[in-house]
Every structure is written in structure tokens, then in C-alpha cells.
Amino acid sequence: MAAAEAEAGRRTLALVNMAAIMERADEALLPAVYREVGAALHATPMGLGALTLCRSFVQAACYPLAAYAAVRYNRAHVVAAGAFLWAAATFLVAVSDTFAQYNFDALVTPAIQSLVADCSDDTTRGSAFGWLQLTGNIGSVIGGLFSLMLASTTIMGVAGWRVAFHIVALISVIVGALVRLFAVDPHFCSNIQDDGGGDQLPPRKSPLEEMKDLVVEARAVVRIPSFQIIVAQGVTGSFPWSALSFAPMWLELMGFTHEMTGLLTTSFALASSLGGLLGGKMGDRLAVRYPDSGRIVLSQISSASAIPLAALLLLALPDDSSSGFLHGFVMFIMGLSISWNGPATNNPIFAEIVPERSRTSIYALDRSFESVLASFAPPIVGFLAEHAYGYNPVSYGAGSSSDRENATALAKALYTAIAIPMLLCCFIYSLLYGTYPRDRERARMDTLIASELQQIELERCHRAGIGRRSKDGTVIDVEYGEEESGDVVDDDDDEKALMRYHVEQSGSVGRKQITRLGLQDALHFVDSKGYDGGVGMTAQQPEVDVERERRRTLVLVNLASIMERADEALLPAVYREVGAALHATPAGLGALTLCRSAVQAACYPLAAYSAARHNRAHVIAAGAFLWAAATFLVAVSDTFLQVAISRGLNGIGLALVVPSIQSLVADSTDGGTRGSAFGWLQLASSLGFISGGFVGLLLAQTTVFGIAGWRIAFHLVAIISVFVGILNWFFAVFLTFRQAMLARAIDQSEMIKEAKFVVQIPTFQIFVAEGVSGSFPWSALSFASMWLELIGFSHKDTAFLMTTFWVASSFGGLLGGKMGDFLALRYPNSGRIVLSQISAGSAVPLAAVLLLGLPDDPSKGIAYGIVLFIMGLFISWNGPATNLPICAEIVPEKSRTSIYALDMCFKSVLSSFAPPIVGILAQRVFGYRADDKGKIIPGIESVHVFDSANEVLMPGEEREREIRDSSPEKTTEVRG
């Protein structure tokens, strides 16, 4: 039985990671073709950033829905539904003709994160989240690189960036189907075989009552001090990542080709993927060695490393496309270093500070808060570039000097959006040293009390006779101290408040009548179906079958994570193409991320609800379908409004998937391996991010049958996401059905109270505070592709540089998770925290080097790659090494989904402001001037106006002489 259960868990994790890959691929699509979309929709950088802001707002708004769905339904189904939604939204972006059609994601993320948390323990949770981050970054690479490669092409008259959106949407649908069919939720088994007894499922509460419970649970989660801190950290920490959506545009402005841009961004994504896995592993090690500080230290190291690495990449390296190797190396190091926070610290801690059934809620809440604020990063970067640093939105072909100036302005704006939030993120992590140990012990005590009370009641029911069905429900009234008055918890008496909350929330007993049906009814129903002691499989089912299903589920979950990140990486990889197609400024492109994050954050509570109450594999599949639909819509969008709406839809799908995956990883690992598990998860997610960004960049300059390459990239990601969603829906299996039935029949969980409990945990509060700031830079990084293109890098060069960064951040997440696990063992109270502080602190100098130190010269691609690699390697530790493992430790196992959903809810809301803020800064502060790349000349269907990013086909002085001697009309090129 154990072998079969393990196999089902592995299969679920694989499917969840597939969903994460497609989610990140979809996310990476738009930034990869910012330039093309901006030209097509006549959007400035501020407008492009506004797209991200719009998506983040919708995403944040949908996170409560995501938490609800993840708690009440199979989380695998929720993930699948989210995949379908984002696939539809991606498709809509591909067909949009105006600026406002781009949005959707939030259903997927909380479900994915809670699934990952549930499938790991305290010692492996960091590694699990590291793998999730790795797969997500793979999706980012797929989305960004794919869209970049197609951005400058046309397929059958369709812009390449639109084709990219269509592809991502289709793949997302497939991933959603896979998750729906094959992923398994440990809390909900969809493979119930009726034994002929005629028993029906126990009646459930009305939706209104369940929503009230969800609100109570959310309030409980929000009051957890550690959750508040992590959310605060996440708001600042996610801002730089959101701002990096302009990285491809920056590389292209320096003179890098689309191919080189794709390679560079892919190197960063791969590094961040490995960094997430590394961070998760380190977080697990540190959590075992130093349980109270190991994960925190790791996140501080990761966040701190972003500062010098970003400085090296953005400020120190020359703005020359000839320095591609240096750019790639720095991007790889940066991605490897700054990607530890999630798998090493945030996600594991969330799984520890709330009960297991609350994990989706906490992940959804976290994403809701973080995504909204982080989504402001792209528009802020655009605003700074335009109005602070002199970005001039001129027409393409105006000359390489103008592009270099724009690249410099965008680099300064990016560094501003990275260094300051990362510095705040590193500081906020320090607050966890005081709250995390107490919140973790409170959650452990809560779990212990729940186990003892449930055992007593089970023995009592067996003595009374299990077979006899009772008409009246069993009532247990347990008093600890004075009589409870209302829902108010005495904050001055933590122990009494904890025990009182647990008696109400444990899922087995309550202060009032446990359920309308009663405990004996639930036990009779479950036992009559022939389930064993809690794995949710029939007693006759061979262990090898359970193990096989577990492995299949893990594969599908990781595949979902890959596609989730690929979808996420698509748009930033083609910011320039999308901006040109939709006439959007950097601020407008950043607003797209803000819109998506807002919806995603709002949907994280729904994700928590869905993951906790339904099969998480189905939740993941649903999320995959949603984001696939959204990705397809992006591919067909012709206006900025269409793209914004599609991105909002994309946010719903993403919100469903992530908490389910994270809670699954947390539940499948222990404290000594949780950081490594989250690191592997981050690595898998990063692979998706790398794939999405690289594909978007490679396709950005192409056309397929007249369709712009960036649209083709979105179509591909949508198609694969659909496929992954189908796989998760039908083949991912969640095994612990008996526990889920008891939770649903005995005590309908009062999800709102659970969320309230999680929010009250000090460590969670600190994580939220850290996550808000820590996620802001990551959100701002959505402009990285656009920044690289503006420097003069081609789409290929930009894709290479961004891939370098994401590869480094992927490995950085894995490294952070590993180091977090090691430090947690050596220094259990501080190891993970110190690691995150190092990671966050490193972002400041690294971002300064990258954005301000390097010259705006596409010939310096190597220097850019090196800085991006180093930065990605160091700033990606926080999640797998600190945040994710600690979250799993400070709450009972049943509350992990809630804490991850809450964390994602808070973080996504704030970090979603990063893209529009980047756009605003670029335009209003730094002088960014919008261009019209990709604008079709009337009467000539296949003629596009180019700028120097595409003229790098004529390198060196000959190219410069050609530009000086030619008129704007001579800088046109006919595309075949």
C-alpha cells in the first residue's frame, strides 16, 4: 500500500509541476513580446506594464475563489480548471486587436502549492517547492523563449507573437486535462468505487455557509504573524521578479537579436529554476540543522544577493550586444542566487504554520496579496524609464543610439524596481526569527491535539457501534479555560487561543455540533466504501498500483507547474512585439501584469477552498484549462483591452493551480526535506518559465502563415496547457480520501476561521510582509526582455539572456532549497532565515551591476549573460529554502493549503503593481519614449517598421553606417 501511495503521489507531483510549467510559460509569453505587442496595440512601456497590473488585479481578486475551490473540491480538478481558463485567456490575447483584452490565472497557483505542501514533510518541503519553482521556470523559459522566437515572424498572415499565445493556450488545455484525469489529491480521492451499499455522499453545507467558513479561515490565516511577515516580504520580493518582465525588451534595445535575447533570458530562467531547487534543498538542510533560523537566513542571503548582481547586470555591464556572454553569465548567476525564497523559506514555512487543510488558503491569500502589488512593477519600470531616466518611445529604425539610450533608461528603472524592494525584503525576513518558531510550534501542537481528539472520538464511535447510523449528530464540547464569546481570539493567550481554535477547526471535533449528520454517519459512509486507515484507497488495491499512481501524479503535477510558468513567461518575453502590435507603452504592458495579478490574488481564496475540498488534481487541471483559454485569447487579441481582459482570465487559472501544487509538496515531505522538495518544484517551474520565455523570444521575430510569431507562441502554450490539464484531470490521483471525507462530513472545516487562524500567526505575517516586497522585483522583471531588446539585443540574444537568468534562478531555487534543508538541520531556528536574507540582499548589488553598471551595448551579451546568471542563481533562494518550508512548519498539516493560498493572495496583489510601476517610471521619470515596432504600413501587408534590435543582422560599424546614412524608409524590411 505504501508503494502504491508513493507512486500516486509522484504522479500527482509530476502533473502539478506540468501545470506549473504551463502556467509560467503563459506568464512569460507577453513580456517576451512586449515590443511587438506594444507596436501592434500602440502601447507604451507604461501601458504594457499596465497589462500586467490588470492581470494581477484580476488574479488577486480571484484568489479567494481559488482558495474556496481548492478547499471544497479536488485540487487536481481545480488546477485543471485553472489551466483551461488561462488557456482560453491566452487564446483571447492572441486574437486581441486592442490594448484591453489581456487577463486570467488565479485558480491554479494555490491549489498547486497546497498539493506540493501536502506531498512533502518538514524535511523535504523545501526541495519539493524547489522542484516546483524549477518546473515553473521551465515554463517561463518555454513561454518567453518561444514567444521571442516567434515575435518577429508571421504565420499565414498572423503575427508570430499571437501564434505563440495560441500554442501556449493549446498546451495548457492538454496539461489541464492530464491533471484532471491523473493527478491525485491526498485529501480527496476521485476514484471512489461504489460497493453496492447504496450509500450516498454526506450532504454538504450550502455555498453561502461554506463561503462564510472560508472567510473565517482566511481571517485566521491572516492573523498568523509569520504569514503577515512573509506576505510583507512577498510584496517587496515579488516586485523585482515582476519588473524583470522588461528584461527581454531591455536586451533587444541594447542590440541583441531575438535569438540572443531568448538565449539570455533562458539562461536566467534555467538558473532561477536550478536556484529554486538548490534553495529548497539548502532550506531543508538548514531547517534540520537550525530549525528556527536556517530557512530565514537562506532567504536573506538570496534576496540580498539580488542587489549587487542586479547592479552588475543592469549598470556595470556595457550596453553592447557583443557582450552577450557576460550578460548571460551574470544573468545565470543572478537567477541561481535570487530564486531561493519561495521553495526554501516561504512555501515550506506556510505549510508548517497552518493546519494541513488550510494550506491552500494560506497559499491563496499569500498570492493574492503579493500578486497585486508585484504587478505594479512593470508599469513602475515603464514609468521610471520614460519619466525619470529618459526613455524615448520613438519609432523603430530611428537609430541605435536612441535604442541604447532607451536601454539605459530601462535598465536604471529596472534596477530601481529590483534593488529597493529586495533590500526591504531582506530586512523583513529578519522579523521571522521571532515569530516563526512560535507559530510552528503552535501549529504542531494544534496537529497533536487534533490527532488525540480524533483518536478518542474514533474509539468512542467504535465502542458505540460503527454500523449503526445515528440520526442525531455527535456533539463534543471541549472547554479550555473560560467560555468562548463569539469568534474573538484572545491574542494575549496564544496557547489557549490555539487549542480553542483547534477544537473548532481540527476537522474531527467541534465546540458545537460537529455536523448535521454526525461523526458516526461519516465513518459509516467511509467504512462502507471499504477505505483503509487514511490513504483513501480500497483495502484490496495493491500497493504497487498506489505507488504507480503516486508517481504518475507527481509527474503530471510537475508538468502542470512547468506549463503554468511557461504561460507566465510568454508575455514578458514578447513585450516589445506586443507593445508594438497593440501600441502599448511599457507602463501599459506592466498594467497587463497588474491586471492579471489582481484577478489572481482575488482568486487565491477560491483556490484554497477548491484544493481543500476537492481533488487537487482536478483543481490543477481546471486551472490549466482556464489559463490555456486565456493564453489563446491573448494570441488572437488585436487591442490592448482584449489583452487585458484575457490576462485577467489567465490570472484565475493560475490562482487555482499554485496553492494546490505547493500544499501537495508540503504534505509529501518533512521538515528535513521540504526545502529540497520545494527547490525541485521551483526548478520544474523554472523550466516552464524558461521554455515559455525562450519560445516567445525565438518566435517573436518570425511569422507563420502570416501570423506574428509571438501569437504563435501563445497558441502553443495554450495547446500544451490544455493537454497537461487533461492529463492531470484524468490521471492524477489524490489518495487520502478518508481524511477528506471526515473533514467534510464531520466538520465542514469553517474555512474562514482557519484562514483567520493562519493570518494571526506572526511568522506568516512576516512572510507576507517579506513576500509583498520580495515578489515585487520578480514581477518587475517582466520587462527584462523588452529592456534587452531596447539595448539592441536581437530576439534570439534576448531569449538566450533571459533563459540564462531563468536557468540560473531555477538552479538557484534548488540550491536554496538544499541549503535551506541543510541549515535547518544545523540551525533549526535561523538557518533558513539567514539564507533568505543573503539571497534577498544579493539582489541589490547584482541588479545595480546588471541595470546600471553594464553598458547599453548589445555587443556585451556575454557580460549581460554572466550577470543575469549570477543574479538568477542567488536571488531565487527565498521560496524553496525559507518561505515555503516554514509555512508548512508553522501550521498544522491540514492548514497548509490555506496558508499557501493566503500567502499567494497577499503577495500577488502587491507584486502585481511592479510591472505598471516599472512602466510608469520608465516613461514619466526616466524618459522612455514609446515606439511602433511591428506596425504595419498601410497598403503593404508584410512590411514592418524595425528598430535597431532587428538591424543587428548587420553587425559592427557597417550596421552603424547603414543606420546613419539611411532614412526611416530605408530601415524597413519585408517579411516573408
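Glycine is no exception: its Cβ is also placed from the backbone N, Cα and C atoms.
Per-residue pLDDT, averaged over the domain 'Major facilitator superfamily (MFS) profile' (553-959), rounds to 74. According to TrEMBL, the feature domain 'Major facilitator superfamily (MFS) profile' maps to 553-959.
Residues or ranges marked as region 'Disordered' in TrEMBL: 956-976.
The annotation transmembrane segment is assigned in TrEMBL to 76-95 (among others). Here the transmembrane segment (76-95) has Cβ contacts under 8 Å with residues 12, 15-16, 19, 22-23, 26, 29-30, 66, 69-70, 101-109, 111-112, 115, 161-166, 168-173, 175-180, 183-185, 190, 553, 557, 560, 563-564, 567, 570-571, 607, 610-611, 614-638, 642-643, 645-657, 660-661, 711, 714-715, 717-719, 721-722, 724-726, 728-729, 732-734 of the same chain, all six or more residues outside its ends.
The annotation transmembrane segment is assigned in TrEMBL to 163-183 (among others).
Marked as transmembrane segment by TrEMBL: 263-283 (among others). With a cut-off of 8 Å between Cβ atoms, the residues of this chain six or more beyond the transmembrane segment (263-283) that come close are 28, 32, 125-138, 140-141, 144-145, 148, 247-248, 251, 256, 294-295, 298, 302, 324, 327-328, 331-345, 348, 569, 573, 674-687, 689-690, 693-694, 697, 784-785, 788, 793, 796-824, 831-832, 835, 839, 861, 864-865, 868-869, 871-882, 884-885.
Sequence-distant contacts of the transmembrane segment (295-317) (same chain, at least 6 residues past either end, Cβ-Cβ under 8 Å): 126, 233, 237, 240, 250, 275, 279, 282-283, 286-287, 323, 326-327, 330-331, 333-334, 337-341, 344-346, 348-349, 411-412, 414-415, 418-419, 422-423, 425-426, 429-430, 432-433, 436, 675, 770, 774, 777, 812, 816, 819-820, 823-824, 827, 830-855, 860, 863-864, 866-868, 870-871, 874-879, 881-883, 885-886. Residues or ranges marked as transmembrane segment by TrEMBL: 295-317 (among others).
Residues or ranges marked as transmembrane segment by TrEMBL: 324-342 (among others). Remote same-chain residues near the transmembrane segment (324-342) are listed as 129, 133, 137, 233, 237, 240, 251, 256, 260, 263-265, 267-276, 278-280, 282-283, 298-299, 301-303, 305-306, 309-310, 312-313, 317, 422, 425, 678-679, 682, 686, 770-771, 774, 788, 793, 797, 800-802, 804-813, 815-817, 819-820, 835-836, 839-840, 842-843, 846-847, 849-850, 854, 858-884 (criterion: CB distance under 8 Å, separation of at least six residues from the stretch ends).
Annotated transmembrane segment per TrEMBL: 617-636 (among others), in sequence order. Counting only same-chain residues 6+ beyond the ends of the transmembrane segment (617-636), those with a CB under 8 A from a CB of the stretch are 12, 15-16, 19, 22-23, 26, 29-30, 66, 69-70, 73-96, 101-105, 107-109, 111-112, 115, 161-185, 190, 553, 556-557, 560, 563-564, 567, 570-571, 607, 610-611, 642-643, 645-657, 660-661, 711-715, 717-719, 721-722, 724-729, 732-734.
Feature annotation from TrEMBL assigns transmembrane segment to 648-666 (among others).
Marked as transmembrane segment by TrEMBL: 678-700 (among others). Tertiary neighbourhood of the transmembrane segment (678-700): same-chain residues 13, 17, 20-29, 31-33, 35-36, 116, 120, 125-153, 160-161, 163-164, 167-168, 248, 258-259, 261-263, 265-266, 269-270, 272-284, 335, 339-340, 342-344, 347-348, 558, 561-574, 576-577, 661-662, 665-666, 709-710, 712-714, 716-717, 785, 795-796, 798-800, 802-803, 806-807, 809-811, 813-818, 820, 876, 879-881, 884-885, selected by CB-CB distance under 8 Å and a gap of 6+ residues from either end.
Residues or ranges marked as transmembrane segment in TrEMBL: 712-737 (among others). Among residues of the same chain six or more beyond the transmembrane segment (712-737), those with a C-beta under 8 A of the stretch's C-beta atoms are 5, 8-9, 11-12, 15-16, 18-19, 21-23, 25-26, 29, 32-33, 74-77, 79-81, 83-84, 86-88, 90-91, 93-94, 115, 142-143, 146-151, 153, 155, 158, 160-192, 526, 531, 534-537, 546, 549-550, 552-553, 556-557, 559-560, 562-564, 566-567, 570, 573-574, 615-618, 620-625, 627-632, 634-635, 664, 692, 695-696, 699-700, 702, 704.
Taken from TrEMBL, the feature transmembrane segment covers 757-778 (among others). If you look at the transmembrane segment (757-778), the same-chain residues 6 or more away from its ends with a CB under 8 A from one of its CBs are 217-244, 299, 303, 306, 310, 341, 345-346, 349-350, 353-355, 358, 361-362, 365-366, 369-371, 373-374, 376-377, 417-418, 421-422, 424-425, 428-429, 431-432, 434-440, 442-443, 489, 491, 497, 501, 505, 836, 840, 843, 847, 875, 878, 883, 886-887, 890-891, 895, 898-899, 902-903, 906-908, 910-911, 913-914.
As annotated by TrEMBL, transmembrane segment applies to 838-855 (among others).
The transmembrane segment annotation in TrEMBL covers 861-877 (among others). Beyond the transmembrane segment (861-877), the same-chain residues lying 6 or more positions past its ends with a Cβ under 8 Å from any Cβ of the stretch are 133, 240, 247, 251, 254, 256, 260, 263-265, 267-269, 271-272, 274-276, 278-279, 282-283, 298-299, 301-303, 305-306, 309-310, 312-314, 316-318, 320-342, 344-345, 422, 682, 686, 777, 788, 793, 797, 800-802, 804-813, 815-817, 819-820, 835-836, 838-840, 842-843, 846-847, 849-850, 854.
If one looks beyond the transmembrane segment (838-855) by at least 6 residues along the same chain, the residues whose Cβ comes under 8 Å of a Cβ in the stretch are 233, 237, 240, 250, 279, 297-320, 323, 326-327, 330-331, 333-334, 337-341, 411-415, 418-419, 422-423, 425-426, 429, 770, 774, 777, 787, 812, 816, 863-864, 867-868, 870-871, 874-878, 881.
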